[in-house]
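K.L.:
First the structure, then my questions, so here it is.
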Amino acid sequence: MQREAAQSYADELEMKAKAELPDYVYGYFAGTAGGGESVQDAAAHWDAVRFRPKAFTNTSEGLTRTSILGTQLRTPVLAAPMAHQNAATPLAEIATARAVRRAGSLLGVSTNTSVPFSQIAAEGAPWWFQVYVMKDRGLSSALVERAAAAEAKALVLTVDTTRLASSELVIDPQLWPETPGKRRLANLLEEDLSGLSEDATRGAEDLTLDIIGELRERSGIEVIVKGILRGDDARRAVDAGAAGVLVSTHGGRRLGKSVTSMQALPEVVQAVGNDCEVYVDSGIRTGDHVAAALAMGARAVFVGRPVMWGLATGGEDGAAAVLERFTEELRLTMAAIGANTIRDITSDMLWRPQATC
Ligand SMILES: Cc1cc2nc3c(=O)[nH]c(=O)nc-3n(C[C@H](O)[C@H](O)[C@H](O)COP(=O)(O)O)c2cc1C
């Protein structure tokens, strides 16, 4: 029953956010590519995982703490980088960072944030900077240097959305007339942009593997590649210097008929799981889903829209409640499957670990 109750928790939170947000903001946050097939399948695929609980284990402590690239955290439930959080709550990533600090989690900060890095960093939560490489590479270089100087612990290079699939997912400034959601790229200065064409900040559509080493060198911090759905791509990214890969369908915003991240995770873990940390997101809606992902070999999960719904309905408190609830549900699932610590959640706890529904 916990799973069903938790499933409806995420849905109910979304309905509450929908009622409170302007239609165009809700439409952007909830938007999907194509016919939304990947989103429809995502939670269902995580739901379809079945566990083989272990008996005679000590589950008295239920420890959810873990480490991610050496950063100690109290939970493997992390906040995904999402653009335009200021359209959900005026404090935007400042609220998210506070929520993340309370939950003992980690924050992904989008290239399209409206908040200066220094203000996010001042909240004391560990954070990673998500990089969209722009047509003007100098702008991306400036951003990653500034993020590293503001003590971002790693870069998350998004490789799946050099061009968004649906026009609904591209923000038309005309549609955001009065909202602060119109502001983005707060970490670029006016002088960075002066003399450049409108096109300069658009995504580069000719990315090659060299970019991983370039970003690493430029920033001095590790690079994780986000948006990987194939074992061979994961292998190439790691061979080119990536410290981790994030299996993701971008929350179904890139390609309607994409495989789900649950379907892609096993082949990615098989390809690079011994060499680097593997993370996963898209469609994670309950603690059971988190446990399933960890049992399949993910080191941690990122949660996107539910955190946005939390921000929209309750600001810092709302986002903290989502991260804490998913963590508490994970603790319950751990007790039920016979895991006392995160390390105890192993692939033998899955029934048919390679199941693809
Ligand atoms: C409103 C919104 C904005 C997003 N913005 C970004 C972004 O700027 N950069 C990025 O790499 N991913 C972005 N994502 C994708 C998330 O990082 C994450 O992959 C996705 O939301 C996970 O799926 P879920 O929403 O089903 O949990 C965004 C997602 C949403 C819903």
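Think of each number as a place in line: the chain as shown, counted from 1.
Each Cβ is built from the backbone N, Cα and C atoms, and glycine gets one as well.
TrEMBL entries are annotated by machine, without manual review.
Copied straight from TrEMBL:
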DOMAIN    2-355  domain 'FMN hydroxy acid dehydrogenase'
BINDING   Y28, Y132, H250, R253  glyoxylate binding site
BINDING   81-83, S110, Q130, T158, K226, S248, 281-285, 304-305  FMN binding site
ACT_SITE  H250  active site, proton acceptor
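Each of the listed features needs to be described in terms of its position in the shown structure.
P.N.:
Neighbour list (Y132 (glyoxylate binding site), Cβ cut-off 8 Å, at least 6 residues apart, same chain): T111, N112, S140, T158, T161, G203.
Packing around P81 (FMN binding site) is summarised by its Cβ count: 28 other Cβ atoms lie within 10 angstroms of its Cβ, all protein chains included. DSSP assigns P81 (FMN binding site) to coil in the three-state reduction, placing it in neither a helix nor a strand.
In the three-state DSSP classification, H250 (glyoxylate binding site) falls within coil.
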K.L.:
Could you please provide the mean pLDDT value for the domain 'FMN hydroxy acid dehydrogenase' (2-355)?
P.N.:
91
K.L.:
State the three-class DSSP label for Q130 (FMN binding site), counting H, G and I as helix, E and B as strand, and everything else as coil.
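P.N.:
Where Q130 (FMN binding site) sits, the three-state DSSP reduction gives strand.
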K.L.:
Is any of G283, R285, R305 (binding-site residues) within Cβ reach of ligand 1, i.e. under 6 A, and which?
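P.N.:
Checked binding-site residues vs ligand 1; flagged G283, R305.
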K.L.:
Listing them in sequence order, which of the binding-site residues Y28, H250, R253 have their Cα within 10 Å of that of K226 (FMN binding site)?
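P.N.:
Within 10 Å Cα-Cα: H250.
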K.L.:
Check the DSSP secondary structure of D281 (FMN binding site), expressed as helix, strand or coil.
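P.N.:
Its secondary structure by DSSP: coil.
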K.L.:
Considering only the binding-site residues Y28, H250, R253, which fall within 10 Å of D281 (FMN binding site) when distances are taken between Cα atoms?
P.N.:
H250
